[in-house]
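Quick look at what Swiss-Prot lists:
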type     : residues                              : note
BINDING  : 25, 260, 357, 384, 461, 469, 520      : substrate binding site
SITE     : 25                                    : site 'Important for catalytic activity'
BINDING  : 65, 113, 114, 115, 155, 184, 260, 437 : thiamine diphosphate binding site
BINDING  : 154, 184, 186                         : Mg(2+) binding site
SITE     : 260                                   : site 'Important for catalytic activity'
ACT_SITE : 411                                   : active site, proton donor
């Protein structure tokens, strides 16, 4: 079978899919078809009949706009992606959305489209592979042994996140990571030399990568030799620089930006079919080409061989094998619920007035002993975020058995790498930075929410309570923006008990990211009944109450809860009927049934004050237009925290004053 014709099947399906949708990007799939054919048919270990086989190679299309490439590959290889699915490219509720989306079609390892994040996810997958191998492989038993392959274009390399990720990949010596640069010299605006003239091979050599330059991306033998050389280099990641022609096969549009992001048109597709010698109708693939592409039997054989290896491992190391299966399945330890409930009860029984960032570290200490799957990290702020605990061990190029990654000052890279670790499986990953600097990482957290993957972020120094560092470091609008992100769970605890509950729920939440927001300054622990402790998980609960119906409700989060309690005590002493609601997680509260929400915030009680050292406007949903909000309406200032809280109205006196005005 002629390899060019096998690659032309990808080109034809890509042209046809984009044309039928009247939307899409045919250029990259047509340009990378030869590379994809060699990789997928001669090297990629995968099983179309079990896309979740734990030791499969991972393939990431970082230049996700070229999605017809991966859809064509999955269809031709025998995954459950039909020709009708390809005909439904970019249509509502299809398995083939405009950019590849995790969870839609089997075999899609990650959602890509925002350029640079796919290569970064791939770095995370390669870290996970290296760490799992170091933790579980034994002499003569390599049960974790797979490659991560990634296709990326000029756009990925222009994005700053590619520097963050590829720099760290070199430092960590990710020898099982192999990236293909689609060096076609074209972007949306035209020829890239006017805005992208880097010496990319030297750039990657400087990162510590193994670089294979100047590979003809349309020569199957050259591509194959490059992949063999890349696989043989086990101590460094490899960049294969493939020179390609965008839109290869299109006689009048190849090599130009005209074929990047628009259908070729019926006349040009007809001309391309003639140029390529492709004599078949749109979406028609002859049986001999299907047969040559079909990977089902080979994939099943590869997985069966691995099953035999794993059976031998399980016989020699039964405890490790059981633990590996538990972790890859994403199951928590059997004693999890009992142990964590006891930890939380003990915290309530032994009050401590500590910063919630310290409470977070204590939770890591307690829960970490139960979770060998923890994979922590921080963007060069471990002593401030307090993300290391006594069991933390640094993961390095020389020893990947560690459970803590020093990400350096790479917030965006860290967050997207964690997405890759989560997608790979076998770990409960978390990262950390100051809340203000989640701004650098926002799109990766959005991607975690979109993909519904577990990415736990610890965001400390959560308000003007940061003090002297000033408004560049003081978050204002960040908490609200996290809360408004669909499928994100955001927690701002008020003491060590709420902090531990937030951590417990984040660890249990496998289908979404969590943002855990902690203070720099010490916070008073609140007394609670067992019922109140249980209600923390509901996101909002009655912390202090009056006899009968309240005339005023104070709603507060985090460091402002003790302020609400102090105001409650003063107002109660003056005979006012006041309730305090602690609301560490608005999204968790919003998910409760109507009866519970009414019990906490009765509709009849319209006099409400929300108190939070974050943007004020967020709270109208809970206080109504008749309520009041003590919050931020501007950026902060540089001064000691106590002075700032006073300046911006976060004092008992101001809360009491506002309450009395509302009750008057």
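Counting begins at 1 with the first residue displayed.
Using the three backbone atoms N, Cα and C, a Cβ is placed for every residue, glycine included.
Taking the Cβ of residue 154 (Mg(2+) binding site) as reference, residues of its chain lying under 8 Å away and at least six apart in sequence are, in sequence order, 182, 183, 184, 185, 186, 187, 192, 196. According to DSSP, residue 115 (thiamine diphosphate binding site) is assigned to coil rather than to any helix or strand. Binding residues for substrate (25, 260, 357, 384, 461, 469, 520) extend across at most 49 Å, taking the greatest CA-CA distance. Of 113, 115, 155, 411, all annotated as recorded positions, the residue with the shortest Cα distance to residue 384 (substrate binding site) is 411.
Of the candidate recorded positions, 25, 260, 411, the one lying closest to residue 113 (thiamine diphosphate binding site) when CA atoms are compared is 25. For the recorded site, residue 154 (Mg(2+) binding site), the DSSP three-state label reads helix. By the criterion of other Cβ atoms within 10 Å of the residue's own Cβ, the least surrounded of the binding-site residues 184, 384 is 384. Here the binding residues for thiamine diphosphate are 65, 113, 114, 115, 155, 184, 260, 437. Their largest Cα to Cα distance works out to 35 Å. Secondary structure from DSSP puts residue 357 (substrate binding site) in a helix. In this view, residue 461 (substrate binding site) is surrounded by 26 other Cβ atoms within 10 Å of its Cβ, with every protein chain counted. Residue 155 (thiamine diphosphate binding site) sits 12 Å from residue 260 (substrate binding site), taking the Cα positions as reference. Here the Cα atom of residue 357 (substrate binding site) is found 40 Å from that of residue 65 (thiamine diphosphate binding site). Summary for the recorded positions 411, 469: the Cβ-based neighbour count within 10 Å is maximal at 411.
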